[in-house]
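Trainee: I have a structure here, written as structure tokens, and I will follow up with some questions on it.
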Amino acid sequence: MKSKKFHNKRPIIMANWKLNGGVDLICSSVASLINQPFAAEIVICPPYLYLRDMLNFLQHSQINVGSQNVSKFKSGAYTGETSAQMLKEAGCQYCLVGHSERRETFGENNASCQLKIERALQSGLTPVLCIGESQKEYECDLTEQVLTRQLTESLENIDLSQQSICIAYEPVWAIGTGKSANAQVAQKVHYFIRQQLKAMYSEQTAQNTRIMYGGSVNKNNAETMLEQPDIDGLLVGGASLDPAHFSEICNYAKVV
Ligand SMILES: O=C(CO)COP(=O)(O)O
């Protein structure tokens, strides 16, 4: 099933550098992206340490910057944390929330995602809630069940009437494996997510929420993914570390 593509919804292509990159990659990425008239909104999420450098380089460009994480705390004695307010003040527009690597390795769960989303929205950042099923859950046909739980628990008490979030559907089995989901299968899941949002909020919120696909996106599958009516953007890991490759992916997005 398909939703009708919402007119004038600008696609979004995000780069998640994870624990990679440095000043050299910032320079080469900026050089290959800046001054290109992309139809999509482009967002780069470097490691925390490089947010300032990235923001400085992109000051006069159309490209936005996001963080890969955000604290669930507002302020206080929380060593090693970075708050939503600090990220906003630095100039970030987005923050990833609940990436599967954070869930797996750093014990994040739907409850912490909910707090992080709340903090982000309070500070004027747009959170990108990452959801997706594991290989085992996929094999047991539990995808819809897992996604419903992730959405309802992470968005509990989150009011989206005045503010918006993005969702990134990243099947865990597709991340870093070179085994991207088939575009038709991804479309079906995105449609399901949109229906969930409609049930939880409204038709308008469901249509306005940009739902990205992530997991082994590259220049060979980006275009087909973006052609799907419910895929509004891409969250790119490995391929975003090659500036020429990432810029090629960004060029596939068209405003519909
Ligand atoms: O985790 C991802 C983006 O957040 C996807 O990573 P890959 O594109 O390397 O599979």
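The backbone N, Cα and C atoms fix where each Cβ goes, and this holds for glycine too.
Since the structure is predicted, the reported quantities are computational estimates derived from the model, not experimental observations.
According to TrEMBL, the feature active site, electrophile maps to His99. If you look up TrEMBL, you'll see Glu170 marked as active site, proton acceptor. Per TrEMBL, substrate binding site is recorded for Asn16, Trp17, Lys18, Gly176, Ser216, Gly237, Gly238.
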Trainee: Validating a neighbour-count step here. Other CB atoms within 10 A of the CB of Gly176 (substrate binding site): how many?
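Mentor: Gly176 (substrate binding site) is surrounded by 13 other Cβ atoms within 10 Å.
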Trainee: Measuring Cα to Cα, how many Å separate Gly238 (substrate binding site) from His99 (active site, electrophile)?
Mentor: 15
Trainee: Let me make sure I understand the structure: which of the binding-site residues listed (Gly237, Gly238) has the fewest other Cβ atoms within 10 A of its Cβ?
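Mentor: Sparsest of the binding-site residues Gly237, Gly238 by Cβ contacts within 10 Å: Gly238.
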Trainee: Any same-chain residues 6+ apart from Glu170 (active site, proton acceptor) with CB under 8 Å of its CB? Would you list them in sequence order, or say none?
Mentor: His99, Ser100, Cys130, Ile131, Gly132, Tyr213, Gly214, Gly215, Leu235
Trainee: Measure between the Cα atoms of every pair in Asn16, Trp17, Lys18, Gly176, Ser216, Gly237, Gly238, the residues the record assigns to substrate, and report the largest value in Å, rounded to a whole number.
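Mentor: Those residues reach a largest Cα separation of 14 Å.
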Trainee: Would you count the other C-beta atoms found within 10 angstroms of the C-beta of Ser216 (substrate binding site) for me?
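Mentor: Other Cβ atoms found within 10 Å: 20.
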Trainee: If you count Cβ atoms within 10 Å of each one, which of the recorded positions Lys18, His99 comes out on top?
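Mentor: Per the Cβ count, the most surrounded site is His99.
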Trainee: What binding-site residues among Trp17, Lys18, Ser216 have a C-beta sitting less than 6 Å from any atom of ligand 1?
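Mentor: The qualifying binding-site residues are Ser216.
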Trainee: I need the most crowded of these binding-site residues: Asn16, Trp17. Count other C-beta atoms within 10 angstroms of each C-beta and give me the top one.
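Mentor: Checking each of Asn16, Trp17, the winner is Asn16.
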Trainee: Which state, by DSSP, holds Gly237 (substrate binding site): helix, strand or coil?
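Mentor: Going by the DSSP assignment, Gly237 (substrate binding site) belongs to neither helix nor strand, so it counts as coil.
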Trainee: Around the substrate site formed by Asn16, Trp17, Lys18, Gly176, Ser216, Gly237, Gly238, which additional residues qualify by having Cβ within 8 Å of the site's Cβ center?
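Mentor: Sorted by sequence, the hits are Asn20, Ile175, Val236, Ala239, Ser240, Leu241.
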Trainee: Name the secondary structure element type, per DSSP in three states, that contains Asn16 (substrate binding site).
Mentor: strand
